[in-house]
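One structure is given here, and the rest of the page talks about it.
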Amino acid sequence: MSVILAIESSCDDTSVAICNNGKITANVIANQTIHQNYGGVIPELASRVHQQNIVPAVQQALINAKVTKQDINAVAFTRGPGLLGSLLVGVSFAKSFALALNIPLISVNHMHAHILAHFIDDPKPNFPFICLTVSGGHTQIVLVKDYFDMEIVGETLDDAAGEAFDKTAKLLALPYPGGPLIDKHAQHGNPLAFKFAEPQIADLNFSFSGFKTSILYFIRKQEKENPNFIAENLDDICASVQRSIVQILLNKLKKAAKQYGINEIAIAGGVSANSGLRNGLQQTADELGWKIYIPAFQYCTDNAGMIAIAGYQKYLKQDFVGQDVSPMARMEF
Ligand code: KG4
Ligand code: ZN
C-alpha cells in the first residue's frame, strides 16, 4: 500500500498530484497567467507565484484524492531540469513536508516523468518503445528500455519544437504560450497554403532555429507586399507552420522506428497536445502498423501526475534520496 504526494514546479505551472497504489487520484495544476504580459516565462516571477500557489495546491490535491497528510507514505518532487528558482520552491517544500511527516523523499527527472506519464492510464506501452518527447525546452527521441533505462537517440541541436511554435506565434502577435493558439487557428486553415523547407539534419537530430528564421523572412517579405498579410492569412499561416513542424517530427520518428525495428511508438511533452501531431501520428500508425500511445491532455503539458507515477515506480524499488538533495537546472538524462 502506498500513497505518494508529488510536486512539479520546474517552469511556470505549480502542480501537485497524489498516486494511490499506482492510480493517480488527484492532479491539481495552478497555471501562471502573469507571464502572458511579457511574451514568455519570467523566472523571477515564476518562483514567486510558485510560493503563493504551492500550499493551496497541496491542500486541494489532498481534498481531491480524499486523503489526509497522515496517509502519505512518500513525497516525490521534480529535481530538474528546469528553472532553478522554480525548482527550489518545489524541492524546499517537498523536503520540509517529508521532514515534518518523517517520510522518505523521491527525486524525479522531469524528462523521464514526461515519458512515464504513459504508465498512468491504459493502454500502457510495452518495453522497448520509442518516445518522441516534445516540449517548450526539449525535443528528444528516446529509446525506452525500462522505467529508468532510457537512451536519447536524437535531439534538437538548438531550439525545441515548442519554441518553434511559441516563437512563430510571437511573430504573428499571438500571446504566450502560442503553441495552443497556433493549433486552434490551424484547425480553420489550409495546411498546404504556404511551404517551408524542412531542415536537413543528419541522424535522428533536429534543428528548428533556421526554420524559425525562414518563417520570419517569409512574413517580412509578404508584409512588404501586403501590410495586412498576417491578419488576412492567420489561419493558413498557422496551419502551414504546424504541418511543417509535424512533418519534421514525424519524419524523424519514422526513421527511428525503422532504425531500431520498433513499432511501439509514444509521444510526450506539451507539444504532444497538438492536434496536428496527434492526427499525423495516427495516420502514420495506420500506414506503418505502429501501436501508438498518446497521453491524456492533462498529462501532456507539465503536471505532477507524471511525477507521481515516476515516484511510484521508485517507491516500489525503495529508491529514496536524503535531505541534502538540491535541485538541478540541468540534469543528466
Ligand atoms: O511540457 P510543457 O508543458 O513544458 C515544458 O516542459 O517545456 O510544454 C510546453 C510547450 C510550450 O511550448 C507550448 O506552446 C507547447 O508545449 N504546447 C503546444 C500545444 N500545447 C502546448 N504546442 C502546440 N500545440 C499545442 N496544442
Ligand atoms: Zn515539461
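First residue shown is number 1, and so on along the chain.
Keep in mind that glycine also has a Cβ here, set from the backbone N, Cα and C atoms.
What TrEMBL says about a protein is an automatic prediction, not a curated fact.
For the Fe cation site, TrEMBL gives H110, H114; the one candidate out of D302, D319, D324 that the record lists there too is D302. Binding of substrate is attributed by TrEMBL to T133, V134, S135, G136, G137, D166, G179, D183, and within the candidate set N37, N53, N274, N279 the record adds N274 to that site. When the Cα atoms are compared, T133 (substrate binding site) and H114 (Fe cation binding site) turn out to be 7 Å apart. Close contacts with ligand 2, defined as a Cβ under 6 Å from any of its atoms, occur at S135, D302 among the binding-site residues T133, S135, G137, G179, D302. Under the DSSP three-state reduction, D302 (Fe cation binding site) is assigned to coil, being neither helix nor strand.
Reported as a whole number, the C-alpha separation between H114 (Fe cation binding site) and G137 (substrate binding site) equals 12 Å. Other C-beta atoms found within 10 angstroms of the C-beta of N274 (substrate binding site) number 26, with every protein chain shown included.
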